[in-house]
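What TrEMBL says about this one:
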COMPBIAS  194-233  compositional bias 'Basic and acidic residues'
DOMAIN    279-576  domain 'Glutamyl/glutaminyl-tRNA synthetase class Ib catalytic'
DOMAIN    580-682  domain 'Glutamyl/glutaminyl-tRNA synthetase class Ib anti-codon binding'
DOMAIN    697-772  domain 'tRNA synthetases class I (E and Q) anti-codon binding'
Amino acid sequence: MEDDVQLLVSIGLSEQKAQETLKNAQVTKNLKTAIKEAKESNSEISPEIGILLYHLASKIKPQILDKLAFLSSYISQKKLDTIQRVDAALSHLLDTIHTTINIAEFEAACGVGIIVTPEEIEASVETLIRKHLDEIKSKRYQFNAGPMMQQVRSILKWADGKAIKNEVDLQILDILGPKTDADLTPIKPQKQKSKSEKSVKDNSNKKDNVSKENGKVEKSKNEKNSDDASRDSAKTITEVMAKIQFHKPGENYKTEGYVVTPHTHRLLQEHLQTTKGLVITRFPPEPNGILHIGHAKAININFGYAAAKNGICYLRYDDTNPEKEEEKFFIGIREMVEWLGYKPAKITHSSDNFQQLYEWAVELISKGHAYVCHQKSEDMKGFNPPPSPWRERPISESLQLFQDMKNGLMEEGEATLRMKCTLEEGKQDPVAYRIKYASHHRTGDQWCIYPTYDFTHCLCDSIENITHSLCTKEFQTRRSSYYWLCNVLEVYCPVQWEYGRLNVSYTVVSKRKIAKLITEGIVSDWDDPRLFTLTALRRRGFPPEAINNFCAQMGVTGAQAVVDPMVVEAAVRDVLNVKASRHMVVLDPLKVTIENFQRDGQTDAEGVRFEVPDFPTEVERGHHHVEFDEIIYIEASDFKEEEEKGFRRLTPKQSVGLKYAGLVLTLQKIEKDESGKTTGLVVKQESLTEKNKPKAFIHWVAKPKLISIRLYERLFNHKNPEDTNEVPNGFLSDINPDSKKQVVGYIDASLEAIAKPFNQFQFERVGFFSVDPDTKPGMLVFNRTVTLKEDAGKV
């Protein structure tokens, strides 16, 4: 250890840096090799050369590790004398990995022998300084010289960066002179406010304006500005994926960890001839359940990356487990993909390739890379199971036994086909095939052996020429077997990229657990609006674009994300605030009789009607008419018999306005039943004026139609109902008994006329609601999608 520290210190590293480096075994090994090779060319290693050797050792990729000695020699001979040149050398060797090094091309790519003189740097800087002279004089030392230095670097590719900076600083000093006290005073950064923040501040103390022309109350512009801000700040998954730096098609070998073989170059060339350089991704769900919110992220990433790169994405059903697959799941998966707005370039099935997969399995055995094993599944579980006693059985014997498995001569569990490889986690010899006497939905009884995920996934990716195999982080442990299998069979090998899973708290997404909730009668089905399956979210009224925006907001990282449902709901509000038309609906009706009722509105054969904008801040988007009568219904919570501080709506001493009617109501009488409960109010109406403008305006309904309304809350009480530390008695013991309430409400006939299943509306001052498919003629059923943002603070 001490010798190693001294070795690294001898090339210019500090003792602390040397000790840190020794913690990384691969970098240490690379650096020691580089030092040895460098000393053969130059016995003295200066600190300048040492820094470059360290950079080389830490940056070189495994694919070109055999070029380490070659590069070390060039560094020690001072042919690669800057980090920029070393990086250029690494990039060039990676680009030409499949060919013998052409020294002339290599040196040209690295700028070997090119000397940029101080005079050239001075002249280039002077030219650019002249272009920015006015701005420099205006901003003085607050001028950002960074972009200008980048321009010099683009003109003089091999110029030393430090020399460029020194020259820029010198010429600016020559123009401006030494810094003054004003130059040295730091400028306080000003926090930029979003449109919505400015809007809230500017309008928070303003009263609702009264239009003298029509006597109606106009809302402030807060909501419109908030909507605009949502549009401005919205980030799509395509925009997110456009920034992701994955490899280019055909450049798989540049990816960290990708395994290069003597066949790689030929296979990549054949791949490019077939794909023409197109990005091809796939979304490969198992058709044994309904998609959930986590799948939405996978759908968005795979389809989104393809869209961002002008490529295509397939929907592939990974149908290798016939016992659990049902037709309704195939249909449901496709519906949800299309509901999210994506159209697969092609729909494929793993079962399309059963014959080819079988032939490859035979080839794998023939090459000595697979064998038939008789260990039971329980014997193979865990991370350190005993090795198979059949691992070294003769190839001919495994071939015959595999044939017997295929021909139905063995019982289920009697034998499996296992691959001779080790996963990242240390688990050895994953299963490739198992026996299942189950009829397949597409191939019927043709097969009684079915391939596993570990065998199927990479080979189907290869067959379909997938360029980017994007999957969640838990499959990282399968990456080695993915590359190994493609390479031993000498077929095109895609690149596997992993990203973190998405989970939402206060719910479960396990197929088994959801099935248990259904059988126990806790939820009605896979689309119960309290679940986070995609069918459930659609039924609850979540717009697909909101789910997509939420996935974009989560980004693409390797970290697993566990988010609160409120984050999803916020994305839903942002979308519905823009697209859901407003309607007045009363959920807890209180009868109000207007004793001096006058027909002051728009009068026709049907009575009095008022025109109501669908979007009050954007009246050009349309309107509807609501009926008005001497009997109307308001929310019971909009009246208080006793005066209460901060309460702004109707009381015996306080009038209230009716939205869109241009009327003010004043209480005359309270009607009660025998128990003393308020059953109705009698009021007087008067036209709205500047003089009698009330503190608040409330929604109302006249000549109402009855509807059923389902109010949903979280299904579980704890954030993680599956965590036995939080919920010792299991997730079924954690059910929120108030997760669903059913009430009746009143709507206007105008809403009844347009409400269709899955349509979304905003019930003014209440929340966003969606029409449920349970709706029947004469009885609309609505689900509460989310409450309004301001609901908690409503007074």
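Just so it is clear, glycine is given a Cβ too, placed from its N, Cα and C backbone atoms.
Secondary structure of the domain 'Glutamyl/glutaminyl-tRNA synthetase class Ib anti-codon binding' (580-682) per DSSP, as helix, strand and coil residue counts: 6 helix, 54 strand, 43 coil. Across all of the domain 'Glutamyl/glutaminyl-tRNA synthetase class Ib catalytic' (279-576), the predicted model scores a mean pLDDT of 95. For the domain 'tRNA synthetases class I (E and Q) anti-codon binding' (697-772), the DSSP counts in helix, strand and coil order read 10 helix, 31 strand, 35 coil.
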